[in-house]
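The structure follows.
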Amino acid sequence: MFFFTAQDRLSASAVFLFDSISLLCFASSTFFEAMGGLPSDSPCKLINGDDGYILEDVPHLTDYIDVLTAYPNPLRSNPAYSVVKQYFVHMDDTVPEKVYFEPEDVHACIVTCGGLCPGLNTVIREIVCGLNYMYGVTRILGIDGGYRGFYSKNTIPLTTKVVNDIHKRGGTILGTSRGGHDTLKIVDSIQDRGINQVYIIGGDGTQKGASVIYQEIRRRGLKVAVAGIPKTIDNDIPVIDKSFGFDTAVEEAQRAINAAHVEAESNENGIGVVKLMGRYCGFIAMYATLASRDVDCCLIPESPFYLEGKGGLFEYIEKRLKENGHMVIVIAEGAGQELVSESLQSTNQQDASGNKLLEDVGLWISQKIKDHFTKLNKMPMNLKYIDPTYMIRAIPSNASDNVYCTLLAQSAVHGAMAGYTGFTVGLVNGRQTYIPFNRVTEKQNKVVITDRMWARLLSSTNQPSFLGTKEIRGKHEKLSTKLLNGVNSREKTCN
């Protein structure tokens, strides 16, 4: 039996259990309250545990297929795992005795959806190598061009030789796209091709699509395991500690910040403005700021700011230039959008994934700063604007993310072979876990500006919070009330 307890997080406690019969997710009632409650249309199985905990079972093929043959797990005779078993396996760890797919019967496919992210090719490589080296699976297809590739494009045969060096390249060898999700066409293609394992790599929108695909497969009673690998460079997927590619993005963002710092320091009253990714959350901006130590002000979507007046951004810029003679501003792409909308004609256009198309806040704030200091004519000012967005997305993953991608890919393979389905993989408090799709699609992970990490950033940059004491207190009280209500809420059941 593989068992571990995850330590308390801001609004959740989580425990995950993995053995040859089931993989279970325990979460406190606080967690489900914070996540918006239990969905009434979810086929999850729940058991009320001690101390207010709820036990949720990850879906398994045996839940809806009455007669399903189990086979001896090939890993039991795998030389690599025999060494691990002999010398390094902890008493709490086991390899499941049975799998629910004969390796020669497996016909797997892999698809990548949404925007680019460092590590996509590494995940593809390790799924292929994991299936082949660990289980002897030889029939693996790559779906070309995202979800629409299931029904409108050719597939790409994947072998260990084909994927051997792809982790050294950025992007995805399978191609990707936004949108194109037609559930019936996709499942028809899966059924017609005889595919019985589907590995879906993508962000929260992609995981929502994967959940719908799983539901249709379950409705048809097909023996098809659906496994997700969460991908978002913004790190906005909830429950998990982080998504792959995030460490690489933060590391690469520092190069842009360093360039902005050099430019700013080399000019009289120099200002370097760097726009980083972060449509709805500011994790990249926050961590890159903390890592670089060259940033004087970090602006993110979760923390509103204003430009003019006492305590505003313009006042802080003037103060900083007088003190140091230069400054660096990092701004996430989703920050200040309400201010941009006030001064520009905003649009409600969306991309193919349903995301609102944002105004370029980096160009906007750069022009606002120039106009302000030109109008005041107080001091000469030199501003340089850097937008490294697509440079960050397109690079190969670094060493840390490469290791993480390997763990995620192998975890997904083990879960699918063991018969689990309708799940996504990820780290929760440092441990590999399987999580039902609905738990990672209910909300987005965001920076909590009443948390210690944001306080550390404010201390590091010495920037004002741009929020009054009353606003900060209100946010803190709202969060505390939400947590308290979650603890005292009545037990919920799943219909």
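The backbone N, Cα and C atoms fix where each Cβ goes, glycine too.
Found this in TrEMBL, in case it helps:
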ACT_SITE  ASP234  active site, proton acceptor
BINDING   GLY115, ARG178, GLY179, GLY203, ASP204, GLY205, THR206  ATP binding site
BINDING   ASP204  Mg(2+) binding site
BINDING   THR232, ILE233, ASP234, MET277, GLY278, ARG279, GLU333, TYR390, MET391, ILE392, ARG393  substrate binding site
DOMAIN    109-414  domain 'Phosphofructokinase'
SITE      GLY205  site 'Important for substrate specificity'
Between THR232 (substrate binding site) and GLY179 (ATP binding site), how many Å separate their Cα atoms?
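Cα-Cα, rounded: 16 Å.
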Do me a favour and check the Cα-Cα span between ARG178 (ATP binding site) and ARG393 (substrate binding site); whole Å is fine.
15
At the Cα level, what's the spacing in Å between ARG393 (substrate binding site) and GLY115 (ATP binding site), rounded?
8
Same-chain residues six or more away whose CB lies under 8 A from the CB of ASP204 (ATP binding site)?
PRO230, THR232, ASP236, ILE237, VAL440, THR441, GLN444
Given the substrate binding site residues THR232, ILE233, ASP234, MET277, GLY278, ARG279, GLU333, TYR390, MET391, ILE392, ARG393 in the record, what is the largest Cα to Cα distance, rounded to whole Å?
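Pairwise Cα check on THR232, ILE233, ASP234, MET277, GLY278, ARG279, GLU333, TYR390, MET391, ILE392, ARG393 gives a maximum of 17 Å.
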What is the interatomic distance between the Cα atoms of the residue listed as 'active site, proton acceptor' and GLU333 (substrate binding site), given in whole Å?
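Checking the Cα atoms of the residue listed as 'active site, proton acceptor' and GLU333 (substrate binding site) gives a distance of 11 Å.
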Cα of GLY179 (ATP binding site) to Cα of GLU333 (substrate binding site): how many Å, rounded?
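So the Cα of GLU333 (substrate binding site) lies 22 Å away from that of GLY179 (ATP binding site).
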Counting Cβ atoms within 10 Å of each candidate's own Cβ, which of the binding-site residues GLY115, GLY179, GLY203, GLY205, GLY278 comes out highest?
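It comes out as GLY278.
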Looking only at the domain 'Phosphofructokinase' (109-414), report the model's average pLDDT.
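In the predicted model, the domain 'Phosphofructokinase' (109-414) has a mean pLDDT of 92.
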Hey, which of the recorded positions ASP234, GLU333 is the loneliest by Cβ count within 10 Å?
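Comparing Cβ neighbour counts within 10 Å for the recorded positions ASP234, GLU333 gives GLU333.
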Roughly how many angstrom lie between the C-alpha atoms of MET391 (substrate binding site) and THR206 (ATP binding site)?
23
Do me a favour and check the Cα-Cα span between GLY278 (substrate binding site) and GLY115 (ATP binding site); whole Å is fine.
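With the alpha carbons as reference points, the distance is 13 Å.
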If you measure GLY203 (ATP binding site) to GLU333 (substrate binding site) at Cα, how many Å is it?
18
Have a look at the binding-site residues GLY115, GLY205, THR206 and say which one has the shortest Cα distance to GLU333 (substrate binding site).
GLY115
List every residue in the same chain as THR206 (ATP binding site), at least 6 positions away in sequence, whose Cβ is under 8 Å from its Cβ.
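Listed in sequence order, they are CYS113, GLY114, TYR147, ILE200, GLY228, LYS231.
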